[in-house]
Amino acid sequence: KNISDFSLNITDCTQVVVPEEVFFTVAAVGILENLLVLVAVVRNKNLHLPMYFFICSLAISDMLGSLYKTLENIFIILCKMGYLTRRGDFEKKLDDAMDSMFILSLLGSIFSLLAIAADRYITIFYALRYHNIMTLRRALVILAIIWTFCAGSSIVIALFSYEAATVIPFTILFPLMMFFILCLYVHMFLLARSHAKKIASLPTSTVHQRTNMKGAITLTIFLGVFLCCWAPFVLHILLARFCPHNPYCACYMSIFHVNGTLIMCNAIIDPMIFAFRSPELWSTFKKMFCCAR
C-alpha cells in the first residue's frame with residue numbers, strides 16, 4: 001500500500017480501478033466453468049485418461065487463481081469497512097495464506113502445462129508405445145509430485161516474499177519454464193513430418209496423426225492464453241520488487257487491477273478451449289445439461 005501511495009505521487013498515471021462487481025462476476029464464472037470440467041471428467045469413464053487428468057490439474061490451478069482474487073477483494077472490502085486492520089497479526093497470516101494460494105495457482109498452471117506438453121510429445125513421437133509409457137498410475141504419480149512441490153514452494157515463497165533471494169528464483173522460474181515448453185514445441189513440430197512418414201503405412205495412421213497434431217495445436221492455444229493472462233501480473237511483481245519508485249514502473253503498476261482481471265479471464269477461457277477442442281468433453285457437457293431430456 002505504501003508503494004502504491006508513493007507511486008501515485010511520482011507519476012501522472014491514474015490508477016485504473018476495476019469495479020468489484022466485475023471481479024466477483026468473472027471469478028464466479030471461472031470457478032463454475034472449471035468445476036464443470038472436473039465433474040465432466042469424473043462422470044465420464046472414457047475421459048479417465050492421463051491427458052484429461054493433466055487438464056483437470058490445470059482446471060484446479062485456474063480455480064485457485066479465481067478463488068485467490070475473490071478472497072483478496074473480500075479482504076480489501078472488509079478493510080475499507082473497518083472490520084479488519086492491515087497491520088494486525090491475523091490479517092498478516094491471512095494475507096500470507098492468500099499469497100500462497102496465488103503462487104500455488106501460478107506454479108500449478110506452469111507445471112500442468114508442462115505435463116500436458118510432455119504428454120502431447122509422447123503421443124506424437126511414441127504413439128505405438130504411448131499407453132505403456134504414460135500409464136494412468138504414472139500420470140497420478142506425476143501429478144502428486146507436481147502438487148507436492150508446488151504446495152511446498154508456495155508456502156516458502158509466501159513466507160519469505162520480501163527476500164530478494166526468494167523473489168528472484170520465483171520470477172526466473174516463469175520465463176525458464178515457458179522457454180522449456182517452447183523448445184519442446186519447436187522440436188515437436190520440426191519432427192512431426194518425418195515421424196508422420198514413418199508411420200504412414202500403418203492402419204489409421206492419418207487419422208491418428210491428425211488427432212495428435214490437433215492436441216498439439218490445442219496446447220499451443222493454452223500456452224498463448226496463459227502467457228497473455230499471467231505475464232502482465234508477473235511483470236508487475238518484478239517491477240514492484242526492483243523499481244517501485246521509478247515513474248515508468250509506477251505508471252505500469254497503476255493497472256494492477258486490470259492485470260488481476262486477466263488472471264481470472266484465463267480461468268474462463270481455458271474451459272472454453274477444452275469444450276470446443278475436445279469432442280468427447282463437449283459431448284459430456286451436452287449430456288450433463290440435457291440429462292432430463
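Using N, Cα and C of the backbone, Cβ positions are placed for all residues, glycine too.
Database features (TrEMBL):
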{"type": "TRANSMEM", "residues": "22-42", "note": "transmembrane segment"}
{"type": "DOMAIN", "residues": "33-274", "note": "domain 'G-protein coupled receptors family 1 profile'"}
{"type": "TRANSMEM", "residues": "49-68", "note": "transmembrane segment"}
{"type": "TRANSMEM", "residues": "102-128", "note": "transmembrane segment"}
{"type": "TRANSMEM", "residues": "140-162", "note": "transmembrane segment"}
{"type": "TRANSMEM", "residues": "168-192", "note": "transmembrane segment"}
{"type": "TRANSMEM", "residues": "213-235", "note": "transmembrane segment"}
{"type": "TRANSMEM", "residues": "255-276", "note": "transmembrane segment"}
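Outside the transmembrane segment (255-276) by six or more residues, the chain places 4, 15-18, 22-23, 26-27, 29-31, 33-34, 36-37, 55, 58-59, 62-63, 65-66, 69, 72, 105, 109, 218, 221-222, 225-226, 228-230, 232-233, 236, 282, 285 with a CB less than 8 A from a CB of the stretch. The highest tally of CB pairs under 8 A with the transmembrane segment (140-162), across 22-42, 49-68, 102-128, is held by 102-128.
Tertiary proximity for the transmembrane segment (49-68) is limited to same-chain residues at least six positions away from its ends with a CB under 8 Å from its CB atoms, namely 26-28, 30-31, 34-35, 37-38, 41, 98, 101-102, 104-106, 108-109, 112-113, 115-116, 119-120, 123, 134-136, 138-140, 143, 146-147, 215, 222, 263-264, 266-267, 270-271, 274, 281. Across all of the domain 'G-protein coupled receptors family 1 profile' (33-274), the predicted model scores a mean pLDDT of 78.
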